[in-house]
2 protein chains.
Amino acid sequence: MSVTAAQGFTAAGVTAGLKDSGNPDIALVVNEGPSAAAAAVFTSNRCQANPVLWSKEAIKGGSARAVILNSGGANCYTGAEGFATTHRTAELVAELIGSGAVDVQVCSTGLIGRLLDEDKLMAGVRSAVDALDAGGGDAAATAIMTTDHVSKQSVREGDGWRVGGMAKGAGMLAPALATMLVVITTDVDLPAETLDEALRAATSRTFDRLDSDGCQSTNDTVLLMASGASGVTPDADAFTARLTEVCGDLAMQLLADAEGADHEIAITTVNAATEADALSVGREVARSNLFKTAIFGKDPNWGRILASVGTSDARFDPQNLDVAVNGVWVCRDSGVGESIDLVDLEPRHVTVTIDLKSGDASATVWTNDLTHAYVHENSAYST
Amino acid sequence: MSVTAAQGFTAAGVTAGLKDSGNPDIALVVNEGPSAAAAAVFTSNRCQANPVLWSKEAIKGGSARAVILNSGGANCYTGAEGFATTHRTAELVAELIGSGAVDVQVCSTGLIGRLLDEDKLMAGVRSAVDALDAGGGDAAATAIMTTDHVSKQSVREGDGWRVGGMAKGAGMLAPALATMLVVITTDVDLPAETLDEALRAATSRTFDRLDSDGCQSTNDTVLLMASGASGVTPDADAFTARLTEVCGDLAMQLLADAEGADHEIAITTVNAATEADALSVGREVARSNLFKTAIFGKDPNWGRILASVGTSDARFDPQNLDVAVNGVWVCRDSGVGESIDLVDLEPRHVTVTIDLKSGDASATVWTNDLTHAYVHENSAYST
């Protein structure tokens with residue numbers, strides 16, 4: 001269902017031959033209206049792929065009638081020729097569905113530094129338009145997969161309206177191959193400004209707190225399109241809450257499918273002076289290769305956690321920190337706490353709790369462990 | 001030679017039994033004078049080991065008569081009891097050599113979160129004082145090794161004076177086990193303020209630009225002691241130049257011995273608006289796991305380099321960057337350049353050059369690749 005769960009959307013997933021594997025590689029989602037309100041957030045990386053350069057400008061009007069996504073090539077660092085390809089893709093979709101090109105968002109994912117085969121791409125766009133279907137959500141979610149093992153979809157319901165989405169990516173573990181792309185649709189009737197606020201609030205607490213390896217993709221995009229087809233205008237807070245649930249659900253699916261990871265790790269910082277402090281601590285720990293290899297080795301090495309906490313600028317007393325791993329307080333007052341032998345790191349899901357004893361704010365950042373499989377997959381795939 | 005190359009120093013390396021391996025684990029370096037001027041720099045990590053907490057305070061007077069170093073335990077996160085151990089170590093050395101405790105610097109390295117065996121430690125201190133010798137530099141350099149494969153030593157000569165040093169550590173790849181400790185001695189007659197300025201200048205261009213895995217140790221220390229025994233007071237710039245050479249030489253030895261690394265990588269950013277910009281870009285690339293796994297896989301993946309450049313706040317035009325790997329300009333104007341097939345990544349030494357085309361400043365940051373051996377060594381050693 002995903003992007004076709006809400007009323008007013010059709011979708012398709014087809015095979016254009018951009019991927020050597022012969023798997024589906026083009027997805028199209030069309031907003032049939034009556035509204036075309038839309039919002040999007042993009043990677044904060046300053047080096048951005050051509051489809052991001054296009055889509056960022058195109059979304060400024062606050063509307064989108066369609067989004068066309070291809071796997072099999074990121075169209076990044078492909079220069080003016082690559083940008084022209086993105087532009088022509090949008091123009092072709094616009095012509096076929098009867099809209100302006102500026103109302104077509106474009107997303108690409110795959111290897112960077114290579115031009116897309118435009119003949120195959122354009123033929124694929126035509127096939128996708130022909131295949132548009134009100135039940136096409138599954139096909140679209142499958143066509144955007146690259147190294148993903150499963151397609152990611154999520155749907156939530158409000159009072160007479162729905163919000164649903166699809167995502168691809170492997171926890172940003174391999175942005176060059178596995179950019180995070182997310183398309184969310186809803187049939188609420190809300191203006192673009194409200195959608196934009198809701199999307200920024202939802203992504204800041206979900207996708208933005210997923211930090212598999214600290215690397216930022218050049219192509220990351222989260223797009224929200226609203227058809228208004230339900231005729232319902234929900235309270236903005238109620239809509240934001242459901243939207244955040246969809247984003248959170250998709251984020252956890254991305255985390256669980258991270259390439260080469262053995263563990264999903266939730267790092268929760270509690271009793272921080274501010275939420276920003278809690279996030280800062282969580283991100284430092286999430287980016288420590290020493291911590292991540294320790295978890296891979298099933299070693300509740302709290303010294304490496306404290307060493308990472310010490311590199312943050314959050315407020316705390318270095319002599320007075322507590323750390324729990326899977327609920328066992330292995331570090332008390334920055335010294336030895338309960339026995340590390342009590343910690344069972346066999347399960348995939350790991351929780352780390354860091355008590356800063358400096359306030360009442362908290363936040364959770366999610367990451368994965370650093371494994372042999374990560375090194376293998378990221379050193380080998382393009383050679 | 002190392003720390004006993006300069007006149008006025010004795011040193012020793014002995015076995016106290018702190019290490020399970022039975023290898024030497026206590027080193028002592030004594031400045032016999034006439035001067036006791038000294039300076040030191042310490043880890044910027046806010047979570048600091050007990051010996052760092054002690055030594056930072058003790059060095060404030062600008063003098064040091066001795067430094068006592070132990071491997072086999074970092075004395076970090078060991079609370080008030082651990083600090084008392086550090087203090088008693090300094091007091092015992094002071095008593096035996098006839099100085100004040102505040103003139104004794106203390107360094108520790110090894111596993112964190114465990115108290116040192118104080119009986120063994122104190123007996124070792126007595127043995128070390130008994131073994132002090134004007135030719136004891138090699139023994140001291142050996143006694144501070146942990147996971148190091150070779151001892152690191154370097155000596156440079158001025159006009160009638162010398163500066164020499166020893167280092168331990170494996171490129172900060174495993175701070176919990178392999179903190180970077182550096183002791184440098186010289187027989188120049190220079191005041192503490194001049195030594196401090198020279199040391200900060202030298203470390204900022206050498207050790208501070210070594211970034212094996214972005215993790216900061218809780219114990220890192222670089223200590224400089226001057227005996228004045230040569231009777232020579234060199235020009236401060238000449239002294240800083242020789243000191244920087246010693247630090248640079250030791251830094252490259254640390255890099256070459258990094259645990260589990262297959263490649264040493266020099267990342268040089270050129271034509272930056274400022275040196276700070278060049279450093280910022282170099283550090284972002286050095287900390288990218290995707291870049292580091294690519295080099296392990298002998299893949300000159302310039303897209304991952306550009307993606308890391310894009311996360312820095314340096315001034316540049318994202319559409320106008322050039323990147324060379326081992327001298328081959330594989331990326332021109334943010335697009336495909338010379339063939340990646342021309343790049344030979346078999347040799348251990350790799351150069352990456354990033355041209356920002358935004359000014360005339362440049363800087364080099366050194367790192368290692370991310371390998372299976374890194375994951376293995378850092379996931380396994382304490383379990």
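Just so you know, glycine gets a Cβ as well, placed from its N, Cα and C.
Whatever TrEMBL says is automated annotation, not expert-curated.
Feature annotations, reproduced from TrEMBL:
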- B:Thr146, B:Lys168, B:Thr179, B:Glu259, B:Asn378, B:Thr383: substrate binding site (BINDING)
- B:Thr179: active site, nucleophile (ACT_SITE)
Hey, does DSSP put B:Asn378 (substrate binding site) in a helix, a strand, or just coil? helix
What number of additional C-beta atoms lies within 10 angstroms of the C-beta atom of B:Thr179 (substrate binding site)? 30
If you count CB neighbours within 10 Å, which one among the binding-site residues B:Thr146, B:Asn378 has the smallest count? B:Thr146
Whose Cβ, among the binding-site residues B:Lys168, B:Glu259, has more other Cβ atoms within 10 Å than any of the rest? B:Lys168
Hey, which of our binding-site residues B:Thr146, B:Lys168, B:Thr179, B:Glu259, B:Asn378 end up with a Cβ under 8 Å from chain A? B:Asn378
